[in-house]
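Under the heading pyridoxal 5'-phosphate binding site, TrEMBL lists 110, 111, 140, 224, 225, 226, 227, 282. Under the heading N(2)-acetyl-L-ornithine binding site, TrEMBL lists 143, 281. Annotation comment: TrEMBL describes 253 as N6-(pyridoxal phosphate)lysine.
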Ligand SMILES: *Cc1c(COP(=O)(O)O)cnc(C)c1O
């Protein structure tokens with residue numbers, strides 16, 4: 001009897017809860033900005049696991065840190081601490097500019113980092129800080145009930161209501177924020193660039209206005225840096241470009257370079273809101289994840305990756321200006337949204353994959369690029385070739401359809 005070959009797509013569909021749709025490929029290993037599938041096909045990874053693999057794949061410093069830490073101790077619980085945990089908290093506060101009263105809470109994901117921020121906002125409400133929570137139109141803060149409350153898209157929310165709060169969504173304009181703010185506002189949640197919504201940057205001056213208005217009304221300014229943080233936009237955190245310090249900011253994605261970790265960072269009076277017993281996490285801040293975080297920060301510093309982000313970003317923008325289908329580019333650093341001339345983004349993603357390029361379509365007319373921070377000039381050039389090849393194959397497909405229609 002010959003063994004029946006079951007394609008991995010069928011096995012996936014049989015065993016995994018169908019919340020993600022069919023995966024685009026079954027990946028096996030990677031090196032730098034390249035990943036290989038189980039059949040040995042090679043892809044240039046310009047998505048980095050959705051802005052996660054900041055150092056690319058199999059970065060030696062990250063591999064070494066994880067291996068060495070695993071050989072020492074992986075987990076100690078929060079009844080104990082470890083040099084890695086204390087070290088990463090120190091590193092994070094240092095790269096944030098040593099904010100007064102800065103404190104770090106470690107968890108395991110972006111949504112969980114925002115749950116921590118949400119609980120701080122709720123506790124601030126109970127302490128007399130007002131009862132309204134504001135978030136922005138198009139916001140995405142995660143999938144758990146608190147983070148989902150501040151997530152804008154109706155389709156993600158409606159089947160899970162009631163959520164943790166009746167959040168008020170406002171347009172991302174200074175005028176709308178000014179009109180919405182009063183002393184009843186407990187907290188304002190925002191992303192400096194809305195990544196999931198299609199890489200939509202906040203308007204000029206918005207972060208500064210949010211800082212001023214939240215201060216005037218004793219509300220917490222909560223900045224979700226889950227996607228924009230850890231150097232992705234060319235500064236450690238996107239709020240640093242505006243010269244403001246939030247009361248709370250949240251991290252995950254790039255922080256562990258692929259090892260699951262999140263962080264809720266508090267500053268000033270926001271550090272005094274939660275007390276012993278108010279919050280926690282079994283895995284949060286364990287030595288394995290925090291040693292990965294330290295290795296990521298260490299490599300970004302020693303390899304001058306913030307400068308690299310700026311250089312590669314400029315090259316990419318220049319290149320994209322001459323590439324087919326690309327109408328314009330928004331975003332910052334290596335978090336770019338390419339608006340296409342036509343609404344063919346999902347088809348372009350498929351064509352790109354066939355041409356050995358991983359990109360992503362947050363909506364019908366936008367391509368999101370979030371390559372590893374370690375890419376060099378050759379990868380940028382390679383991206384251009386593969387993008388062009390993908391566009392050509394799209395054109396051929398449309399020619400074929402036209403011929404069939406004729
Ligand atoms: C991805 C993302 C989240 C959710 O992170 P998870 O780790 O998937 O829970 C939250 N906020 C922003 C801005 C994100 O990009």
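Including glycine, each Cβ sits where the backbone N, Cα and C put it.
Curation plays no part in TrEMBL annotations; they are all automatic predictions.
Straight-line distance linking the Cα atoms of residue 282 (pyridoxal 5'-phosphate binding site) and residue 253 (N6-(pyridoxal phosphate)lysine), rounded to a whole number, equals 19 Å. Only 224 of the binding-site residues listed as 224, 225, 281, 282 bring a Cβ under 6 Å of any atom of ligand 1; the order follows the sequence.
Within 10 Å of its Cβ, the residue among the binding-site residues 111, 227, 282 with the fewest other Cβ atoms is 282. Between the alpha carbons (Cα) of residue 111 (pyridoxal 5'-phosphate binding site) and residue 143 (N(2)-acetyl-L-ornithine binding site) lies a span of roughly 6 Å. Considering only the recorded positions 110, 225, 227, 253, the residues lying within 10 A of residue 143 (N(2)-acetyl-L-ornithine binding site) on a C-alpha to C-alpha basis are 110. In this structure the residues listed as binding pyridoxal 5'-phosphate are 110, 111, 140, 224, 225, 226, 227, 282; their two most distant Cα atoms lie 25 Å apart. Ranked by Cβ neighbours within 10 A across all protein chains shown, the recorded positions 143, 253 are led by 253.
Under DSSP, residue 143 (N(2)-acetyl-L-ornithine binding site) is assigned to coil, being neither helix nor strand in the three-state scheme.
Taking the Cα of residue 281 (N(2)-acetyl-L-ornithine binding site) as the reference point, the closest of the recorded positions 110, 225, 253 is 110. Within the same chain, residues at least six positions away from residue 226 (pyridoxal 5'-phosphate binding site) with a Cβ under 8 Å of its Cβ are 110, 113, 114, 141, 142, 191, 250, 251, 252, 253, 262.
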